[in-house]
Amino acid sequence: MYKVFIVDDEELVIKSLKATVDWKGSGYEVAGYALSGEEAVEAIKQIHPDVIFSDIRMPGMNGLELKKRLDDAGVSAKFLIVSGLAEFALAQKAIQNGVSGYCLKPFDEMEITGYLRKFKRELDASRLLPEGEILDLIEAGTPEAHSRLRDELALAGIASSEKDGLRIMLSVRREKLPIHEKVACLTVRIGYRKFIYVMADRDADELMASFASEDRQFLKGIGFSKRGIETAGFAQAIQDAELQAYQYFTLAEDLAWEGSWQSNDMKSASAMLAEGDDQAFIAQLDSLQAMFRSGHLNIRHALLLYNECILQLSRKGRESDELYLYSFEQLAEQFEDVRDMIDDLKRLFQEEKGPIDHQQVPVQPGRSSTFSIMLEYINVHFGEDITILGLSKQFNLNPNYISQLFRKELDKTFTEYLTGLRINRASELLRTTSIPINEIADHVGYKDYFYFSKMFKKIMGVPPRGYRFDQNENNSIPAPF
């Protein structure tokens with residue numbers, strides 16, 4: 001229960017407010033009251049309420065003066081002004097002083113209950129673990145982590161039962177969806193433009209029903225996991241919801257909420273690509289478009305298909321190592337949709353049939369000036385979305401030529417060099433700051449927290465949080481830059 005404190009110079013008004021609202025049903029209790037501002041200051045310091053209702057006009061210290069005294073004393077409770085007059089100037093002044101709400105006498109139960117619900121959401125959110133720690137719990141997958149996740153869900157007002165489990169919604173867009181007014185959910189940012197929303201099944205059903213009237217553009221980038229999941233299944237549920245969220249990329253004719261996560265195994269797309277002559281290979285690419293549109297194949301298959309084609313080019317002697325993509329985000333950023341991706345793959349195969357550009361790195365002492373300029377650019381902008389194709393356009397160089405430059409000048413691939421820069425910077429930030437790990441992932445160029453964690457562990461031998469703990473075990477907590 002959250003605690004409420006009421007301040008008014010008329011005791012009858014206090015009794016009226018206490019009787020107007022179902023405090024317990026709203027998650028509150030009236031922990032105390034005062035008949036003056038001076039009396040309120042001392043009582044509030046003892047009670048530590050979460051919400052304060054105060055009359056704006058009182059003898060001696062008025063409501064706004066009380067707010068300032070409490071601010072100066074470090075009291076951070078929600079502060080709601082009550083007034084018997086609809087005075088615009090007073091309301092404006094109250095807002096300027098940072099009050100959380102303004103309501104009129106006589107009291108309106110719906111108005112006050114609306115404020116209480118809003119405050120409760122904000123108070124609940126303030127008690128939750130930081131997003132990075134919640135992501136670590138999901139990734140850890142231990143019984144203790146599952147228990148702590150259930151505690152976080154309870155704080156967010158989400159409870160599951162045998163009859164009513166949980167479901168995860170995922171959105172791929174820059175801003176999170178404003179659904180908290182509609183359903184109780186735990187929202188966590190897991191990437192540059194990717195959020196998950198954990199909610200009860202019944203709330204997910206209501207939300208999906210409300211989405212039914214929205215146009216296709218609004219639904220773009222939204223996906224749901226299957227029903228009835230538990231905290232132990234969150235990692236898989238996120239993957240399921242992500243496949244649905246990227247249905248727009250595969251041009252699925254029907255954006256299905258149910259069942260699309262049960263798509264064929266990812267190996268099915270690879271099995272369709274038999275080695276043969278180029279014309280047969282290109283024909284196979286064309287035939288796959290219909291399977292994407294029908295929903296039989298999803299973005300996981302698209303990524304597999306793309307990289308399988310790059311592998312085929314490599315086997316034919318084409319310098320194509322740097323063309324590989326490693327995440328759905330990279331694929332969706334490089335191509336508008338699966339049709340665009342397949343058209344580009346067909347172009348690569350058709351180019352492979354014709355004369356190949358055998359542009360080679362010039363053999364000369366010292367590093368080429370073009371490569372030095374490119375390297376300087378990468379060293380500064382590695383936290384952005386950098387690809388070898390993007391560099392080829394920016395510096396007007398053949399992608400194969402750039403790959404050769406990296407191998408000859410640095411004895412490593414472009415991907416190895418870029419990954420090294422990103423992980424080195426991430427390591428530095430983990431050692432020297434307390435910036436949340438999901439924000440560090442964004443900062444160094446990784447659009448997905450879980451992919452960043454996987455790459456960091458692959459290179460450093462431990463996950464990011466373990467690395468930070470080991471480095472700072474005996475040091476004071478670093479400050480964010």
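Each residue, glycine too, has its Cβ placed from N, Cα and C.
TrEMBL labels come from automatic prediction, so no person has curated them.
Values in this document were obtained by computation on a predicted structure and should not be read as measured data.
Lifted from TrEMBL, the feature list:
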type	residues	note
DOMAIN	3-120	domain 'Response regulatory'
MOD_RES	ASP55	4-aspartylphosphate
DOMAIN	372-470	domain 'HTH araC/xylS-type'
Neighbourhood of ASP55 (4-aspartylphosphate) by C-beta distance under 8 A, where only residues 6 or more apart in the same chain count: VAL7, ASP8, ASP9, GLU10, VAL13, GLY63, ILE81, VAL82, SER83
Counts of helix, strand and coil residues, the domain 'HTH araC/xylS-type' (372-470), according to DSSP: 74 helix, 1 strand, 24 coil
DSSP-assigned states of the domain 'Response regulatory' (3-120) in counts, ordered helix, strand, coil: 52 helix, 27 strand, 39 coil
